[in-house]
Ligand SMILES: Nc1ccn([C@@H]2O[C@H](COP(=O)(O)OP(=O)(O)OP(=O)(O)O)[C@@H](O)[C@H]2O)c(=O)n1
Ligand SMILES: C[C@](O)(CO)[C@H](O)COP(=O)(O)O
């Protein structure tokens, strides 16, 4: 999990929307636009705090909206400025934790996906600056009076938000831009002009900015499609997993990603991590994608001695692509020996990190079989798990 702060911009006037009010208050499916956008960050456990930049004159109406929707995430209201860039600068000055990445996002983009937020967070930790963007699909012409030139489309990307940065870098970029009297249409351009690289994370064409009245119709159609999809595929999906590995001499005993000192280890084509296999199977079951044998066959040399954490990471990627995050996971390791208790917390931590969830959502138990059956005779270790996934859309 990577903590970040989100600055959400809502201090514009929405003139091009021609709604007679700030477009942030426009109802989409009975909920104001800004509430849809804030909800994306509210649902993301990586988001520690939201700085909501507003027009001072709309403070009361915005506050009543927030009260009516009772968000858990701390939302700090800050007055914006005349231009978007001024609003971002004000937002930056209100950020309380200056050591974690800061995401700058248009309140007018309600459909950003959680998996893209997480990709941005990872890239920001590595490169300090990243943005979501999509390759342009139209042919782009540059017009000089009546003369046109055609730009090379293969190098052109349409910038979106969030754009994410280390706090010191983006603060400096804004300070330098202010001193130079430079105005950019996004925040990445302020970092680019410092000669710094900004990492591009390919986003989705669905991450539209509601700018004109036509965009409202597109957003409604997108929402209704999403709702039907969530209805078809289910708000929640449940899956269960079960696995057994034989105990053998000369093998490592890896359970839940932790190497446990023991006289024997688990036998298998991969590292034979019985617990991570069980969790992977439960997740695959929940999304209707078969089992790990189908995805990582034990006849494939590529998975010989494979690190099961990597396999579970790949499975989780599939889960996220289908729009789900972890509701909760409960698992049991069935082993006469080794004694599991000293390792349970570390295992929980590992699994929570792999499933990009808070540790409170992961429970790991262990039991013996009172010396009965194959686990009781120390011939092998079994494990079982049940997982609940929730649809983030
Ligand atoms: N002074 C400003 C101008 C814009 N924004 C925010 O920046 C985002 C992107 O800007 P845009 O789509 O241009 O919104 P508006 O400025 O509201 O629209 P318009 O230009 O049509 O008036 C919006 O969420 C908007 O609320 C802001 O916080 N402060
Ligand atoms: C930042 C931005 O969303 C990137 O596409 C965009 O430039 C802001 O919108 P505006 O209409 O240019 O204010």
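Just so you know, glycine gets a Cβ as well, placed from its N, Cα and C.
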Suppose a student reads TrEMBL and sees 243, 245 listed for divalent metal cation. Which of 222, 269, 277 should they find annotated at that same site?
277
Cβ under 6 Å from ligand 2: which of the recorded positions 209, 300, 368 qualify?
209
Taking the Cβ of residue 367 (4-CDP-2-C-methyl-D-erythritol 2-phosphate binding site) as the reference point, list residues of the same chain whose Cβ is under 8 angstroms away and which are at least six residues distant in sequence.
332, 333, 334
Comparing the recorded positions 23, 153, 209, 269, 277, which residue's C-beta has the most other C-beta atoms within 10 angstroms in this structure?
277
Does DSSP put residue 368 (site 'Transition state stabilizer') in a helix, in a strand, or in coil?
coil
